[in-house]
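One structure is given below, encoded as structure tokens.
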Amino acid sequence: MKPEKLFSGLGTSDGEYGVVNSENISIDAMQDNRGECHRRSIEMHANDNLGLVSQRDCTNRPKITPQECLSETEQICHHGENRTKAGLDVDDAETGGDHTNESRVDECCAEKVNDTETGLDVDSCCGDAQTGGDHTNESCVDGCCVRDSSVMVEEVTGSCEAVSSKEQLLTSFEVVPSKSEGLQSIHDIRETTRCNTNSNQHTGKGRLCIESSDSTLKKRSCKVSRQKIEVSSKPECCNISCVERIASRSCEKRTFKGSTNVGISGSSSTDSLSEKFFSEQYSRMYNRYSSILKNLGCICNYLRTLGKESCCLPKVRFCSGEGASKKTKYSYRNSSGCLTKKKTHGDKERLSNDNGHADFVCSKSCCTKMKDCAVTSTISGHSSSEISRIVSMEPIENHLNLEAGSTGTEHIVLSVSGMSCTGCESKLKKSFGALKCVHGLKTSLILSQAEFNLDLAQGSVKDVIKHLSKTTEFKYEQISNHGSTIDVVVPYAAKDFINEEWPQGVTELKIVERNIIRIYFDPKVIGARDLVNEGWSVPVSIAPFSCHPTIEVGRKHLVRVGCTTALSIILTIPILVMAWAPQLREKISTISASMVLATIIQFVIAGPFYLNALKSLIFSRLIEMDLLIVLSTSAAYIFSIVSFGYFVVGRPLSTEQFFETSSLLVTLIMVGRFVSELARHRAVKSISVRSLQASSAILVDKTGKETEINIRLLQYGDIFKVLPDSRIPTDGTVISGSSEVDEALITGESMPVPKKCQSIVVAGSVNGTGTLFVKLSKLPGNNTISTIATMVDEAKLTKPKIQNIADKIASYFVPTIIGITVVTFCVWIAVGIRVEKQSRSDAVIQAIIYAITVLIVSCPCVIGLAVPIVFVIASGVAAKRGVIFKSAESIEVAHNTSHVVFDKTGTLTEGKLTVVHETVRGDRHNSQSLLLGLTEGIKHPVSMAIASYLKEKGVSAQNVSNTKAVTGKRVEGTSYSGLKLQGGNCRWLGHNNDPDVRKALEQGYSVFCFSVNGSVTAVYALEDSLRADAVSTINLLRQRGISLHILSGDDDGAVRSMAARLGIESSNIRSHATPAEKSEYIKDIVEGRNCDSSSQSKRPVVVFCGDGTNDAIGLTQATIGVHINEGSEVAKLAADVVMLKPKLNNILTMITVSQKAMFRVKLNFLWSFTYNLFAILLAAGAFVDFHIPPEYAGLGELVSILPVIFVAILLRYAKI
């Protein structure tokens, strides 16, 4: 938009209004400290509680009332009186003087009209506002609207406030798009039924004048000073519309649709001066930001650095804590969707959603039906009767979700506390299955975690957690996977602390404990140390270190189970004493006391089992282990009650067992669960890669002072010192010192790696004898350790095929046990009556004892845990040796590897080509210069080698345009004089018959040809060195009977020479292979079309090891794709296994870990089958001379699960 077009048509008019140079004001406000701005506003309210006054009109007359000030403003608005009353000095505005920051009053240009819908008096703006139509609710941000991409809606105060010069009050507001892609036109803004219109009945001082002009909404309001607008913006792709938006915003030129032209005063000379000023201002800002857009590509980051509002569409901000800050500069909403009014400090009020603190709650249908509010706002200094009309939008529940503030999908991670077996996991999956908004679900019993993609248009996280809590007994908590977090200890109650003003960069607060707050923040805006030390108005301190959420959830659940078990033991001991003491067991008082204690155990300790079993039956249609516990313990307890009743009436039953059976049964079950949880928690924690993270760092400030700090307080820009033999706290670049670093625990590299200035160091590695000064490059939560741990966790969330088999067996196990129990009960009644000649009552009692024992001694959990516990340990063991399994299926099949296919360059070789011979024809300098211009910037190893070689010889690159790389073939471009330049593989360029090319190929070199207009100008012979462990790895793989292959896009001579050195058959190599040909070759092997007849008995398992982008298709096609870490990110994403260090012997590590893991899985299956078989036979009385007493059957879970966990843990100490 051209400046002259923007300001055309301006002239004199009867209606006049004031103009404020908002560029100067906004820069001054944005550069000011936020806390200082807020402090000033508080002081201003304390000194002047009169309302809005004009700086020149009213400040010099302190006794003026708000009504008098407003009356003068209306006189200016309607009669065009002396403009100096309003302080509208254009010269001051233009020169950036003090008056540019003074409060100014916007005059209105027509008389008030009554809005027919709400009955509110609204000042007309000489346009559509007079009709009371929809435009009265349209507005724009900072006087500028998104013309073709989106429109932002802003709720601002329409009230008058007294402020001193240069004081900028901070107004909180939210902006909400009505569609996920943003509003496409001003017609997308529509008015909705307001909640509690009583609060909006009076607009005497709160006038909001809105009209539209040239498809751009313009807004003006009665406002002393331009308020700083705070939004949370998500930068989008910036374009020229952003430049126009910023330029318009800087000018603060308010134009309205209609025939009435608006000027600064009634004087034509003043109008001309004003128009000239705004035109110049617009042009200056337009040119400035056009240049920034051209150079940086994104203006948002530049504005963010300056503390300014983004030029792109803002998004809604939310607080997921228990309450939002009363002083925070942002507004928040809860799931109720209702706007309420909440008292804050002083005489401020805030439109809020916290129904718990509401003075009133909206009862309109718009709030009861809508889950989302259109607009929230902070109103300063006035009561609800003075709040002007709220600009709201149409209900948008189909487009906007409270948790994310937009449509689309969001990746959610939930911690799940309370899962103990695969039955629990199956129940969780069924509960998720009832939710249409959940997709891509992954659950992990071992990690106690669930991940899924949430369709925000169909539900929120709160809805999901509410449904899960209703249908299952587990406890859920969302784990944040965005930004950074830090826990701090606050000096008073956490619920009060969240009402403190939030520093810039803080996005969310969450109450962890009574006086511990978890802060979510953007580390690029504010560092953790600054946040803790200087971010708050009250002193806070960093909280004690807590484990990763997945481990922390397990710890908390372990504590709960431990406390419950301890209580059960305490209550059971007196029962056992009274039952086993001969002098006490026959007394009614003793038995009555036992009954009371047993009842507490049955309904307090074992009570959750009842609820869990009922939820599983009702909501998930599952019969699980909890049902067996409920049936067995209930039978024992009811039998004891009945037996006690007979004893009281003087007809005791033959059995002497009373309440000790049910009580001891419950207690032993709890002991078994506690020990199992403890072993499982220790197992997971022991192989956690995050345990390698150091806990402290030595910070070096600008003066050289050294301070030891908690590692969580590191922030961008820090320099830390690494002492000899200490662990490196986080990733960084060495800026001073030299040493050798042991990276074995991170990369598996056994030899120390030399480090010097500009070397990269990674978190978790151990420094040698030297001292290093390192500049931080990655924060602890995003460093190498965290990245590796994330990939390992992803593998733990996947399930191998063998796990599906185990789950299927476990699902039939409980119904089978119930059937065996019924059969056992019936058989023992028959045996008691027919064989043992017992009375019917005695036969029934005996049958009940055997039935109870069968129910409780069996353990389906051992079958479900046999696979996942081993795979979790295996993935951790492999990670500590530099091998990252990205899926459990890779662990399952790697031990069956039958073929290993290698890419040559960068995989079998170092990937660092060197030029050994050069042939240049014609003008040598010109050819080399053109070639350097062509290859410079191309990331292919050959192009990089050529460019490096030419630069070392002092060649200067010529300008080459239209450069394009064709993967696996060539790179081409055009010289400044129009010459067609090509370089690359001689075969694809059609020069393989050139004598120089043939000579180089015969010698086994890789050949690079350079042609100009189709004629060969230069030929380069290159060679690459084998990796140090290539020969030994190939030999060991061959000894295991694995077939070896080489695929390469390189020349045939170089590939065959490499194969000969490694002893690989010529029939198993392919040269000049394109990515598609590599994929086809691997596919033939996988499908058995390229295998020996001896290997046709089972499907081949093919491992393809590559590093480049051109290997990505092959990595996907193979059974297992292995990526070398120094390769491209595309290849890394396509791979199933990632090698942290480019060492080929890691392939052997991968296969060995898989072999040992699968051996332990089979061993666990064997144990689970053996245990359940013999335990059930013993419990059912199959052995005449021996059977398990029912009170000791509760040890079954302990006896069955501990060996499984023990076998898995032994993998840590296996020789790999």
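Cβ from N, Cα, C; glycine included.
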Message: Just checking the record here: does Swiss-Prot list Thr1074 and Tyr1213 under the same topological domain, which would place them on the same side of the membrane?
response: yes
- prompt: Looking at the stretches 557-578, 809-831, 1191-1209, which one shares the most CB pairs under 8 Å with the transmembrane segment (1162-1181)?
  reply: 1191-1209
Statement: Tertiary contacts of the topological domain 'Cytoplasmic' (1210-1216), defined by C-beta under 8 angstroms and 6+ residue spacing from its ends, are 686-687, 870, 873-874, 876-877, 881, 1149, 1152-1153, 1156-1157, 1160
Query: Where, among 557-578, 621-641, 809-831, 848-865, do we find the most CB pairs under 8 A to the transmembrane segment (1191-1209)?
result: 848-865
Ranked first among 621-641, 660-680, 848-865 for CB pairs under 8 angstroms with the transmembrane segment (809-831): 848-865
Message: Six or more residues beyond either end and a Cβ under 8 Å away: which residues meet both conditions relative to the topological domain 'Extracellular' (1182-1190)?
response: 632, 636, 661, 665, 849-850, 852-853, 856-857, 1175
- request: Could you put numbers on the helix, strand and coil content of the topological domain 'Extracellular' (1182-1190), residue by residue per DSSP?
  value: 1 helix, 0 strand, 8 coil
Query: For the topological domain 'Extracellular' (832-847), what does DSSP give as the number of helix, strand and coil residues?
result: 12 helix, 0 strand, 4 coil
- prompt: Average pLDDT across the region 'Metal-responding degradation signal' (250-350)?
  reply: 51
